[in-house]
Structures are given as structure tokens and as C-alpha cells.
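Heads up, the thing below is written out as C-alpha cells.
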Amino acid sequence: MEPATRLFWLSFSMLIGCYIFGSIPLTLSFTERNMRSVSIGGAGLIVGTALSVIIPEGVHAMYDSVLPHNHGHGHESHAHGHAHTHQKRSLQQTNEQKQLIIDNNSPSGAWENFNSRLPGLPEVELHSMIGISLSLGFIFMLLVDQLFGGGHSHGGSDGGNRKSATATLGLLVHAAADGIALGAAASTTRSDIEMIVFFAIMLHKAPAAFGLSSFLLHENMERNRIRKHLLAFSLAAPIFSMLTYYGLSASGKQTFTSYNGTGLAMLFSAGTFLYVATVHILPELLSQPSNSLDNSSQTHGKLTRKELCYLVIGIFTPVILGLYHKH
């Protein structure tokens, strides 16, 4: 299959799957108490996907660019009938990676290999780039929120609209970065990396869509407007993946690959994801009474034991799903 055709079908699958999963909360009827429980679980999904899926995948993509690969097994490693051969190759590759990491002073060391890909930053270290990308994503959303979102407010319907708009905007930026990562991966000659990026994106976009719909329902937004927000979120990654693939020239694709644009884009998107989860969604849920229907036990800023369980389950759900996603 041609790379452009494969990218189109991957993007289309991403669009449909994300929209369907995000529509689940909209098709069910919830009481106020149940809606809060669903919102807390959705918030846990968003936090869990950022911590256990997006950041690890971005870090893996960064290291994947500097550690050597046995290019002869790009497609064989996924064949089910060659388990023994794949095990031997994996062991050999692991030993080679360990040796390169230990021998940092050799011309073929991993750090030198990475630095050679970044000619403008000769002394840069891999972990520094990871931290910089995460911080830039977080700071970007902070600036967008403060400059265009009117800041973080807990009072009034206008404050609720701002929180909803900022949450959607943050996830849109995150989805756009996902699309750039997928488009950049499709620009390479390695279809295995493209599939890894696709499954990593789908693994967190589905819970994110569910969490976004739950949060917007919690903010009492009309369901038709929520569907528009959800459609925009579902379209962002496919559109930007195609724009990245067709917008980069041959030299641009080489430069993007040299600077490991896939890993940087995923980590940048993780920073935006963390901002939305920790600055808007979780504080909004904690700022309201845990039992608004029971006036005798209202507690601000503290979850009940059942709600805490929902939050923990939401956080660990992406972790469990990630156990089935192998590189």
C-alpha cells in the first residue's frame, strides 16, 4: 500500500474511532450524582493517558532516533511465525544498545549520534530535549489560557464557558501535535514506526475524547455544542497529519526526521495535555461540593472515597491498556 493511501485510512480510522468513543457519554442519561462520577473518571483517563501513554511514547520515539536498528527485520519482527528468530535479534539489539549507552565517549556512541543530528546544539543531551519539549507544551497552553482565555475562573457561567473553551482548545492543540507526529512518521520509510505512532495516538485519543465529552457535560454545555467540540477534536489530528505529510518537501522531511520531529511533537502534545488535566479539569471538579445533593455532607476540595476510586480507576485504565501495546 502506498504511504499516502495508508496514512489516509489511518487518519480516517482515527476520526471515526475518536468521535464514536467520545459520543458514549452523550448517548446515556445521567443523574447529577452519576454525571459527577463519570466526569471524575474521565478526568482520571486524561491524567492517566498523559502520564502513562503519551510521555512514555514520546520518550520512546526520542530514544528510537539515536539507538541503532537492525533494518533487516523491519517487517519480520511483526510476523507471528518467527518468534525464536525475533527473540535472538531482540537480545542482540539490546546488547548493542547497552554497549553504546555505556561507551559514551566513542565516536559511534548514542549521545554523539544524537548530537550529530542536532548540529546547532552540539552539547545537548537527550533528557534535556525531553524536558524542554514537555515544558514548551505546558507553557504554550499557559500563555494561550492567560492571553486569550481570560485566565482561570471558578465563578459564573462566563467562567464555565472559558474553562470549557480552554479545555477544548488545549486538546485541539494536543490533537494537532499528534497529527504532526503521525504525518512525520508517515514521511519516513519505516512503516513500523508509523504504526507504533498510530496505535499510541489511538490509545490515548479515545479516552481523551471520552474525558472531554464528560467534562463538557459536567459544565452543562448543550449536547449539540458538545458534538461540535468533539468533531473538531476528532478532525484535528487527521487534518494535521495530512497537512504535514503533503506540506513537507523532501528536504523538509529529512530535516524533520533529523531533528526527531515525531518524538518532539508527541512530548509537546503531552505538555498541553498535562496543562488541561491539572489546571482546568481536576481543579474544576475539586472546587465543587462532593455531595451537592446531600447538604449535610458537602465537602469542598475533597473527593469521597467512591469518587477517589473512580479517579484512580480512570488513571490506571490507560496503564492497563498500555500493557497490551508492545513495541
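Residue numbers in this text run from 1 along the chain shown.
Quick reminder: no glycine exception, Cβ is built from N, Cα and C everywhere.
Per TrEMBL, these features apply:
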- 80-89: compositional bias 'Basic residues' (COMPBIAS)
- 66-94: region 'Disordered' (REGION)
- 6-26: transmembrane segment (TRANSMEM)
- 38-55: transmembrane segment (TRANSMEM)
- 126-144: transmembrane segment (TRANSMEM)
- 196-217: transmembrane segment (TRANSMEM)
- 229-248: transmembrane segment (TRANSMEM)
- 268-287: transmembrane segment (TRANSMEM)
- 308-325: transmembrane segment (TRANSMEM)
Statement: For the transmembrane segment (196-217), the candidate among 38-55, 126-144, 308-325 having the most Cβ pairs under 8 Å is 38-55
- request: Grab the same-chain neighbours of the transmembrane segment (308-325) for me: Cβ-Cβ under 8 Å, and only residues 6 or more beyond its ends, written as numbers and ranges.
  value: 37, 40-45, 47-49, 51-53, 56, 199-200, 203-204, 207, 211
- prompt: the transmembrane segment (268-287) vs the transmembrane segment (38-55): three or more C-beta pairs under 8 Å (separation of 6 or more)?
  reply: yes
